[in-house]
């Protein structure tokens, strides 16, 4: 999944055929047919069967740039194994799994995915994993979980379950989980994983959504889950570099490369110092902009 956009990831309740069909119109970078939190216990099997049946249609009727990443129930539930078997199909780029709490559990999940992948005759290591860290224990062992190998593509933070586990009030500012959020972005980067942020629960509060995206982006998150298609455009915009950022990045890269040719290790742009770390940040902005451009071009083919 490296080199692919994961700015916006839209949850779709797996027990609703209408919502699964409607999701085809969303402009999300990834669709997440959900078998976990959005599905009541007595609907789990129904949701599993429906998602399994509809996955080929979802894949065939969305642009190739859109990732299909089902969310299955957590490892220690009665539904995990059958969920995994149902969703491991051609065209699935990853599965995401809730409430992972240890490296030992993560290794068992990796083993299970590899076994079901083989049973489904899928290419080896083709289905990646995105674990959710959303309990105190999961946060404490985040570094070890993220270091579990190449099967992992990203890591997600779940604010709702985390605050429930901690018995905390969930506030609009999110200050009660800022440490956990920041820690996940750091350990994700240390393991070369993409950090993905929790959904904004007040989905009709678009100004609140914008602010929440900006806070997450500053912390190092590269994308955000959503529970409503009306949030996707804002998430895409906030996790994309602005035109002003792109122009400044171009100036920085040009100035620094010219300075290097002249034998200097630093220069300045608009009165601010530009050295190697500033140059690398600017290059990352341009790489992100190029990813977005390539995705748009692919959609227009």
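Each residue, glycine too, has its Cβ placed from N, Cα and C.
Copied from TrEMBL, the annotated features are:
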- 7-229: domain 'HpcH/HpaI aldolase/citrate lyase' (DOMAIN)
- 71, 134: substrate binding site (BINDING)
- 134, 161: Mg(2+) binding site (BINDING)
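Other C-beta atoms found within 10 angstroms of the C-beta of residue 134 (substrate binding site) number 28, with every protein chain shown included.
For residue 71 (substrate binding site), the same-chain residues 6+ apart in sequence whose C-beta sits under 8 angstroms from its C-beta are 11, 32, 33, 34, 35, 36, 95, 96, 97, 98. Mean pLDDT of the predicted structure over the domain 'HpcH/HpaI aldolase/citrate lyase' (7-229): 96. Taking only the Cα positions, the spacing between residue 134 (substrate binding site) and residue 161 (Mg(2+) binding site) is 5 angstrom. Long-range neighbours of residue 161 (Mg(2+) binding site) (same chain, six or more residues apart, CB within less than 8 Å of its CB): 37, 98, 99, 132, 134, 135.
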